[in-house]
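What TrEMBL says about this protein:
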TRANSMEM  61-88  transmembrane segment
DOMAIN    63-631  domain 'Major facilitator superfamily (MFS) profile'
TRANSMEM  100-120  transmembrane segment
TRANSMEM  132-148  transmembrane segment
TRANSMEM  154-175  transmembrane segment
TRANSMEM  187-210  transmembrane segment
TRANSMEM  230-249  transmembrane segment
TRANSMEM  339-360  transmembrane segment
TRANSMEM  490-512  transmembrane segment
TRANSMEM  519-540  transmembrane segment
TRANSMEM  546-568  transmembrane segment
TRANSMEM  580-601  transmembrane segment
TRANSMEM  607-625  transmembrane segment
Amino acid sequence: MIYLYKLKTNKILRMCRRTDKEDRMCSHYCERELFAVSELEELAEQYEDIMEDCGHGRFQWTLFLVLGLALMADGVECFVVAFVLPSAEKDLCLSNAEKGMLGLVVFLSMMVGAFLWGGLADKVGRRRCLKVALGINCIFAFLSSFAQDYGFFLFFRLLSGIGIGGTVPIVYSYFSEFLQMDKRGEHLSWLCMFWMIGGIYASFTAWGIIPSYGWGLSMGTEFQFHSWRIFVLVAVLPAVASLIGLLFMPESPRFLLENAKHDEAWMILKRIHDTNWRAKGQPEKVFTVTHIKAPKTAEDEFIEIQSSTGTPVQRWAVRSLTLCKLVLRNMASLLSAELRLATLFMAVIWFCIAFSYYGLSVWFPDMIKHLQYEEYEAKVKTFHRERVENFHFNFSLENQIHIEGEYIRDKFISIEMKSVKFEDSLFEDCRFEDIRSTDTVFENCTIRSTVFYNTDLWEEKFIDCRMENATFEHNKHGCHLDTMRENDVLIYLVSFLGSLAVLPGNIISALFVEKVGRVKIIGGSMLISAGCSFLLFLSFSQAAIIVLQCLFCGVSAAAWNGIQVVTVELYPASKRATAFGLLNALCKLAAVLGSSIFASFVGVSKAIPILLSFSALVCGGLVALKLPDTRQKILH
């Protein structure tokens, strides 16, 4: 139950088995360290008793909702850029490389945010860091909706991601410190459900808002505010709601006790006690705790001594430098003898499940799009050596290939050309007017005495063509006018179903996490997920892929929930958010690698992504079975 502290005690005793010459040098250290370990164990046991006396009631449920909204905001952030890209590329003139960078920066910024805010939360405070992180997310997500060029939009989404990246490590650490032992696993699992709700919210609102591309306003070509920008604003609402709710929530009393703030912690614990028992109809029940063991650390004294001297700028510099040192020292302590094995196991498990989950989350919709493209390409119409003279094309051309055609004195007026290719063809005395095109090219053609008026047929759409007295007048400008391609609702549908499929996994893990145990939930779910990924070898249709995606997401949810509960329980309060932040940052790195690698094999090989996913999940599942059972562990 307290094996980490037993390891630390044994380490201290071993250090004190020195020669007589060294006895004096280590005796003081041994006494101090053993006393500190004893104090922390005493605090942990007393705090657990106090939380049992406070009960589980209205206060925890209110905090559950507030923190759930923060977790929901994190879930929304993962989907925002993917949903807006098909429309945003029209407004922001995005190339394929820029679109890839925009998708990449979401996870990289969240990785930095998790690392940064997780470390700070153990030294500055859970509530304080969460408020600042959500505030940064709200401000820059709001600004990104008005950004009119790629550079600013990328910069604002980067800062928005750094802000929201802190929610996951802080939320679980924060909430766990208000829960008694027998409620902890179940209610942390229920909290995980808000990430799923965030995915559903993002999918549903995107589906309802973005396809209505006519929404919004324009001020010439300089300022465009279309429907996708409205969705970006709507997506930030959960973060705003959580931030408002946090204003009425207290700091974690366990954090305050760890930092020798006894009186403030006592007042918060009394508030929790009175709120819960008043809601249960027993307002007369008195909070009987009068004294709580609150160890004072040398680190706190160091900050106090340094901050009492010098100018304000010097004090700020000393505080900032000291804080950085303490955060880095705390991170380094995760690899100390008593925590090294736990950290290594958790790093492997986090990496394996994130690599597979996010990799397949990208692979599923991309594979469906590839199947659709193959089906669309199979229906292409090919025209060989056609000769058309004095004809007025007043109907759209779609999914066609024209080879060695001759078009003499023809008119192409007010039409759309979608997925059309003219190859080795001749255009003489023709007129193209008011043309909108998508995936349309002229390759090795001869364009003679032809006028292009108010079209989006630009130079890059003519490949190795010979221009003889061709005229281009009033070409369309602005990337938002380059295409009339309809928004594909498939991406919303697949994401919506994938998020909804998580619900069974959430419910099962919440109901059985205490009965079955975290370790069996994690290991079993990851191994079953590996089996689901292997079944993808049998998927030859869009429907089969969607069904297997739902099955995979549902089973994986139980593993995710168990992993987050165990991460909270394995580490002491002084390192909990730091460890969670570091592991969550590793998760985002795995997500970047997984999504990049899996996406590169779409249309090339189905076997490699499936085998990679299967291997990673089996590896993670087997390592998970080596974890200690933390069900009856008092949080230290």
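Cβ atoms here come from the backbone N, Cα and C positions, even for glycine.
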*Return the stretch with the most CB pairs under 8 A relative to the transmembrane segment (230-249), choosing among 61-88, 154-175, 519-540.*
61-88
*Considering only the recorded stretches 61-88, 339-360, 519-540, state which has the highest number of Cβ pairs under 8 Å to the transmembrane segment (580-601).*
339-360
*Counting Cβ pairs under 8 Å to the transmembrane segment (154-175), which of 132-148, 187-210, 546-568, 607-625 comes out on top?*
132-148
*Is the transmembrane segment (490-512) in contact with the transmembrane segment (546-568), using three or more Cβ pairs under 8 angstroms as the rule and ignoring pairs under 6 apart in sequence?*
yes
*Relative to the transmembrane segment (61-88), which of 132-148, 187-210, 490-512, 607-625 accounts for the most Cβ pairs at distances under 8 Å?*
187-210
*Considering only the recorded stretches 100-120, 339-360, 490-512, 519-540, 607-625, state which has the highest number of Cβ pairs under 8 Å to the transmembrane segment (187-210).*
490-512
_Are the transmembrane segment (607-625) and the transmembrane segment (339-360) close enough to be called in contact, which here means at least 3 C-beta pairs under 8 A that are separated by 6 or more residues?_
yes
*Using a Cβ cut-off of under 8 Å, list the residues of the same chain at least 6 residues beyond the transmembrane segment (100-120) that approach it.*
74, 77-78, 80-82, 85, 94, 129-130, 133, 150, 153-154, 157-166, 168-170, 323, 327-328, 330-331, 358, 577-582, 584-585, 587-589, 591-592, 595-596
*Let me know the model's mean pLDDT on the domain 'Major facilitator superfamily (MFS) profile' (63-631).*
87
